[in-house]
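**Student:** Pulled these from Swiss-Prot:
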type	residues	note
TOPO_DOM	1-20	topological domain 'Extracellular'
CARBOHYD	ASN3	N-linked glycosylation site
TRANSMEM	21-41	transmembrane segment
TRANSMEM	67-87	transmembrane segment
TOPO_DOM	88-101	topological domain 'Extracellular'
DISULFID	CYS99-CYS180	disulfide bond
TRANSMEM	102-122	transmembrane segment
TRANSMEM	145-165	transmembrane segment
TOPO_DOM	166-189	topological domain 'Extracellular'
TRANSMEM	190-210	transmembrane segment
COMPBIAS	266-275	compositional bias 'Polar residues'
COMPBIAS	287-315	compositional bias 'Polar residues'
COMPBIAS	320-333	compositional bias 'Basic and acidic residues'
COMPBIAS	393-403	compositional bias 'Basic and acidic residues'
COMPBIAS	444-457	compositional bias 'Basic residues'
COMPBIAS	557-571	compositional bias 'Polar residues'
TRANSMEM	634-656	transmembrane segment
TOPO_DOM	657-670	topological domain 'Extracellular'
TRANSMEM	671-693	transmembrane segment
Amino acid sequence: MPNYTVPPDPADTSWDSPYSIPVQIVVWIIIIVLSLETIIGNAMVVMAYRIERNISKQVSNRYIVSLAISDLIIGIEGFPFFTVYVLNGDRWPLGWVACQTWLFLDYTLCLVSILTVLLITADRYLSVCHTAKYLKWQSPTKTQLLIVMSWLLPAIIFGIMIYGWQAMTGQSTSMSGAECSAPFLSNPYVNMGMYVAYYWTTLVAMLILYKGIHQAAKNLEKKAKAKERRHIALILSQRLGTQVGVSLMLQSKAEKEKAEEAQKDSGYTSNQAGDANNLRRFGFSEPETSQFRVDPNSNNNLNVEGSLNTENDQNLGVIEEERSGFLSRRESNESYYPGPHPTAANSRRCSEMEKVSLLSESDGVPSTRPAKSYGRLSLRSRYSASESITTTHENDEKEVEKADSLQKLFADDELGSVLNFKEEKLKNTDSNNDSDTTSVILQRSRKYKKNKRPRSSRRSEHSTPRQIAKVKQAEGTAAQLIEESVPDDDQTETIEVKRTDRWVVSMKKRIARALIRRRSTTRPERGSSSNSDDSSSEVEGEEKPEVRNNGLKIPQLTVNNENRGETSSQPGRDRLAPPNKTDTFLSASGVSRKISTISTVITREKVISSIFAPIAVFNRGRKQTKAEKRAHKAFRTITFIVGFFAILWSPYYIMATVYGFCKGECIPSFLYTLSYYMCYLNSSGNPFAYALANRQFRSAFMRMFRGNFNKVA
């Protein structure tokens, strides 16, 4: 505020500048630019409030509009009139009335700016620290009343101090040349008291409120982070508890599996629960025979424990092996045969076929004897189409032809790849909790091309009356067992071989379509042995089945049938082959035995990913709450507004407080003038402070710079 008095002599109001014309031109250019920037910037703030609904609907933005109006007036009257006084050599050339009016406007608008900044700071503090109460109390009417009071109070104070000073004190206006100054500046104590009352007190209050806003924003951020940490800790504890339970369950399951493996005699067992389910699915009732096992201490690797007992152990092994092999072939064929269920008549015919098979085997003719297991059977074994059973009765030959026609179904590569070890069976193994105890018996057939003789001649050469008697004795028991394991059905089997062939063709088409759909979705990796010819490769006189590797580790159990000789003393006994001669089933290494290995690995990966999933929250930016956003917005606004205010206004009030005591002799005139211009620069910088602190004002300014002054609804 100017500290000058108006001279009473009108002659002293003439223009007499001590500065050169170029200096005056440069100064006027700078002042005009600053004045226009102040006017345009604050006018844009008022216009943004009118055209931007997001700004106008917030009641607190009215304080900003009030501050912009006061700064706008300062830009109109402050810069030009003070520049006239400075360039004229610190003399007022416009008269006494103009001097008093300019002093009144200048002091009033400066105090209005101070009080408005105080209102903005208090509004931001209450909205952050006492949100509920303040929002309930705040209303447009109350806000407008506070704004009016912020204008009326400075006008009343400085109207009395400027226009009524002479009436209050009885002193005439002091004249010192052409000086124009406020009359109360002549009393240093009143001058200092006024500056302390309306500036320094207000500045301290604003700093306290600013500190409160900063602390509130900090506390909200701490609370939000603590809440997020508690939430993450809760999620981690829940997931860890779940994973601990799963780990304990898997550990107990693994211990149970190890205990079951320790009880196995030959390395594989059959689970009766899964056996019953598979038999019911194939259309059979649960058999009453006991399970089969491989006895490593016996001369015969495949023995039968249960229903048949004979005096001769060697003949008993042959008979039981043939009966079990016949039952296995019959169940495998009928489970995929689209005809009626087996009947009692069929059982009798099967018993006759069994007798023929037993006789042919007793003669020393090697035959295919797939190992029987009432669990999940591996259907990958392919029956040799050239192997047929010759009998002396026409009915037996017809039955054998039907059985051989069904063997075509299993001789196809694609069909075997689908029927063997489907994923659905893997799921069933997990549901039955017996995946580790499931034995996959690889059935294989052997073809002898060297020294091949008719079976009838071999039977006549090696058959003995005692063996035939043993076969007849076992016939009744075998037929009875088959009848007990097959449900009664009055329908007769009238399916012809041609119909069976048609069904085989249709089944192949269905399986081919299923394979195409499955390959398009899963696309499993196939091993090098996936493409093999239908004809079997002969290595050491035995046929190796086709191996398909789809990339999964499947538990396997291999039983190798090795020909020890073609003499009648060793009629095709089976034994467990060494590791280098074993066949692999859907596995390249041939060492995996547990299906649970797959699920265990997947489960372990899921456990690790699920445990460390919440940690990813720390890697991305934390989402702020609504209260945090409000606090940070208020903090930014107050930082710019109060920061500009304190930096630009404090130098002048420091010098003005000292100025009254030393009469201007202790303060250089240049510093005093510069500090006064800094007060005006605060009005020029406030619009930029709004734009930097508030995104809504920034977007509105960009619209107006592009020439868009349309009101947004």
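Cβ atoms here come from the backbone N, Cα and C positions, even for glycine.
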**Student:** Among all protein chains shown, how many Cβ atoms are found within 10 Å of the Cβ of CYS180 (disulfide bond), not counting that one?
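**Tutor:** There are 24 of them.
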**Student:** Let me know the DSSP-derived helix, strand or coil state of CYS99 (disulfide bond), please.
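**Tutor:** It is helical.
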**Student:** Given a Cβ distance threshold of under 8 angstroms, which distant residues of the chain, six or more beyond its ends, lie next to the transmembrane segment (634-656)?
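**Tutor:** Same-chain residues near the transmembrane segment (634-656) but 6 or more away: 1, 3, 113-114, 117, 120-121, 124-125, 127-128, 191, 195, 199-200, 203, 206-207, 209-210, 213-214, 217, 667, 671-672, 675-676, 678-679, 681-682, 685-686, 689-690, 692-694.
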**Student:** Over all shown protein chains, what is the count of other CB atoms within 10 A of the CB belonging to CYS99 (disulfide bond)?
**Tutor:** 25
